[in-house]
Structure formats: C-alpha cells, structure tokens
C-alpha cells in the first residue's frame, strides 16, 4: 500500500497542475494563501545577538481567550471579526504552543508560570523563583532554594531591566522578574517568625537599589506605604512602618502616581510609578487623568530603557485580562486584550527586529469555551446567530438550545455566572437572554459549575516571537523553554 | 477626593451614625427602566450627572447583592457584577470602586450573590458610616426594597 501511494505521488508530481490554472485560483482566499506562503518563504532566520528582550504577557490569554480578542478587535474595526489579524499574528512572528502546567499542578497559577519564563525551570504552585524543594507558605524552605532570574543575568551583562503591569507590581507576573518567595501573597508582609524572608514589595525596592530593576510601573501602592499614609490613590497597608516610596526616592529614584506625574518623568533616574492602590483599572473603566494606558506605559518603558547602549530586558503584563475572566465578564477580558495588542504594536514599532527579541505570550488559559454553530460575524460578546445559506454574514436569528432559549458565543465552564442556584439545592435553569443584555459591558457569561471565581485552565497558550533567534519558537514547548530562547538570544555569538 | 475613600470598611469614629433619611413609608419603585449601577458614576468615580440629578428622588437600580456583612440587617452592598474573588490571586477581597449601599425598610432574606436583583429606594449622596458595620458609603438607596430581576 505504501509503495502504491508513493508511486501515485510520483505520477502526480509529473503532471502537477500549476496553481494559477486551478479553478479556485481567482479566489481571494487562494491568492491570500499564496501571499502567506511567499511571506513565509521570505523569512530568514535571525541569528544576531539580541541586544534587547521584551516579553509581553497577557495574563490568562490562552488560545481560546486570544481567539475571542481577535474577533472582538476586528468587530470593533467594522469587520466580521474572524478574518482579523492581531499585531502579533502576522507572518513576521514565529509561533508555538506552550504547555503551562506547574511542577505540582495540572492547572497552573500565574506565579510559577511567570517564574518558569524568568528562570528556565518549572516551579511549584503559588511559589515564585524557588527550586522544586521549596514548599508553599514555608519560609524556612526559601534559603538554599532561590533561583537566579533572567533579570539578574542580563544585569550582569550591563543591561537595564524594566517591569510594567496593569496589575500590582507585587503581583505574580511582575514579581517573577525580581522576587523569590515561598508565597506569592506575601506582597507587603511576611508571617511572624520569617525573619530571614522579605515581602515582595521590599524585594522590588531592594532590586531597584541594587540596579537589577531600573523601571517599575504599575499598581499596588498599598504595599509600599505604611498604614495611615496616603499617596495619590494609594493607602498604606504596611504594618512595619516602612515607607518604601521614600526609600526609593532616597537612593535617587523618581516616583509618579498619576498621569501628570507620568508625563513629567525625566529620563535620567530610575522610575517607580504606582498609579493605584491595587491593580490599575480595567481599560473599559480607566480615566486618562488617573492612569496612562498600557500602550503609553510600554512606550515610556522602551524609551527609558533603550538609553542603555548595552540593551535591556522588559517584561510587560496585561494583568487584568485574567481578572475579568475570573469575574466571568468577557467584555472586560476582551477590552483589556485589545489594550494588550495595542501595547504589542507600539513595542514592535519602537524597536528594531535586528537587535530586539519580542516574545508575546500568556501564562495560562481560563475555563473559557465557545458555543456553536454560529454564523460568521456573530458578535463575539453576543448571541450565537445562525449560519446563512447565502453570503457570509450570519442569519441574524439567534440559535435556540433544547430549552428554547438563545445562548451566547462565549461561555465559561465555571464561575459566578453559574445557572445553578444555591437556594434551590443547586438546581437551575438558564435565564432568557437578549442581545442587548448579552453585549452589556457588565454582563457575566453563563456558566455551569458554581464557583465564586472563574478558574484558570491547564489548556495550552500560544507564544509568538520575532527578532534574534525567534525561529527557536516552534512546535509545542514547555513554558520554561522560553527562558532558554531568551538566554540563547542574548548570549549567542 | 480620593476615589476609594468610601470603600473603607474599617470601624471609625467622628462621622454621623444616624440612619440617613430614616425609614420611608410606601413603595418607592420608580416606573422607569432600572438604572445600571455604572450610570451613577463617571470614570473618575465622581458622581455622574444622572446621580446628581436624581439625588433625593426615588429610583430603581439593578445589580447583585454582595454577601451581607451582618446577619438580620437592613444593610447590604449592591455591586454591578457578582462579587468574585480568586482565592489565591488576592490576599483579601477588595470592594469594587463603583458600588451602592442599600438600606432596606425591614430586615431581608439574603439573595445569592450571583442573582440579579432590582432595588428601589431614595438616592442619597454624601459620606455616611454605617453604625453597625463601620462601612463608609458615599452613595446609598434608603427606604429600599428589592425584587429578583
């Protein structure tokens, strides 16, 4: 049989029809497909040494969530949506899938996933940058188990380092650039008796003083100020009486707490900016005077860090994509996802592919899921509309489930949107739903399993890369491999 | 004004502890479609023109009952979305910035935090610290009652 197949293929090769002679050759799909192949054939592996590395993480933006953001972004631009291409989905970027599990967790959390990208090894659930011998919540296991971070490695190479996030700077993803802790929640204090441990906020200021962090911009002012102290939007929660902002200013750092302060930052001293008491606002709720956009923060970070002729490492996080999914509110997941895409675009625009490796990825996926069979252009936030027999757009008639009710395109498997009701012994039924209700910015998607907060999932995420050694991003990778791509890129000769 | 001044739920002193406007007679359900909670605020969390225009007047707002801070109470917090807290992502629950304190005419039966309700009452603006819980609110519905949406 195998021999026959080979003979058939050989015969066909001799009589292959030229592509332009095929009846479908005039189709836009066909020509676009050919153009994609041409773009891929034109790729040349970039084996330069990377001067700069930028890692951009949309927290919780797995393959499914990213799909929804693609459609939402396209529909906001007047497209049907499915055909949209996000800035990091072009043939300029190499792409792979990433396995995100932690050493001891099938469903990962954001601390060890970010730690894997920053140290090159998988880590344990809820820990940051400790080896596999570290134990959650046990500060005695920190000593002897701390790992060396990518930020420390590139600092030794003379590069600058920056973190930017819409979450608290002490939250998991930004913390993984500079912190080492047995509990990701020790953001502003450590338990009594842990005298050899430091809270994450203190570790950030230590890193700034040591010169391993030069630019830090995000939220979480509460953990940098003592109780009873207010600065901008932040009210101090530290119980040790330490004012970390004053400490940073004492060794020469600049501080900003709002957009006016952001605009006034100079380029000649380390930057600490804390725009909010906790996380920054969702993009949908953000006031320009209070907080700059993630794209503006990214632009400022690159302009500041690129002053170093030895280069820089920057990690940018869209932290609130994850939070909105935890709330079951797809609207804010997707609006923050678009803000992330805009930040990627500005990072790409401001850097040179010849010397800058850009990696775009997520730390994990969520329990997001998609219903069918929806027609083209069904509002990604709205009801699943039927497929039309003519043309490409949907029928504008909502599909009905067996209960006679319409359903949305996007759903979550669990969360506060569960249709099961505690007051009737966890029995439930789906409510009626209109397009207006489903597309409201505060709508919480229907879910099945009742949980207070929608959960992460262990599903793969994608990684997209361009610049030096980006072609190493290929296939299905363990998450810690991303560190090795970065490390190879900055050390290649 | 700091936009989260009204979120503090710590016990404090020095503020009035009298129930604002007291108990109000009669049903106060507004006939218009329920307001969305976000319509009471601007993006900088100042009060919207709608809120300022409706101060002291009856209205109906839709939202979700946050788990009450105290049992057998006439007070709860209305949120625009169900209160969801990721158990290991957050060290403690934070109130959203845009919430509405509700003072009902009589004690009420708790409704699951994930069921949408429509609350009718008189809109009151300005700081008020709840005498029982210490919860500092900046905007309230008083003399309120609610139905499942």
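In case you wondered, yes, glycine gets a Cβ from its N, Cα and C as well.
Automatic prediction, not curation, is the source of TrEMBL annotations.
Note that the structure is a prediction, hence the values are computed from the model and not measured.
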Checklist outcome for this item: Among A:136, A:257, A:456, TrEMBL assigns to the Zn(2+) site of A:59, A:322, A:326, A:363, A:364 just A:456
Item to check | Rounded Cα separation (Å) that holds between residue A:171 (Mg(2+) binding site) and residue A:363 (Zn(2+) binding site) | outcome: 13
Item to check | Using Cα positions only, nearest of the recorded positions to residue A:326 (Zn(2+) binding site) (A:110, A:173, A:317) | outcome: A:110
Checklist entry - Taking just the CA atoms, what is the gap between residue A:456 (Zn(2+) binding site) and residue A:110 (active site, phosphoserine intermediate) in Å? => result 9
Checklist entry - Name the residues of the same chain, 6+ apart in sequence, whose Cβ is under 8 Å from the Cβ of residue A:363 (Zn(2+) binding site)? => result A:57, A:59, A:60, A:100, A:108, A:110, A:113, A:114, A:117, A:172, A:173, A:461, A:479
Checklist entry - With the Mg(2+) site defined by A:59, A:171, A:173, A:317, which remaining residues of that chain have Cβ atoms positioned within 8 Å of the Cβ centroid? => result A:57, A:110, A:114, A:165, A:166, A:167, A:172, A:174, A:318, A:319, A:322, A:363
Next on the checklist: So if I measure Cβ to Cβ from residue A:364 (Zn(2+) binding site) and keep only same-chain residues at least 6 apart in sequence, which ones fall under 8 Å?
Outcome noted: A:59, A:60, A:62, A:100, A:107, A:108, A:109, A:110, A:113, A:456, A:457, A:458, A:461
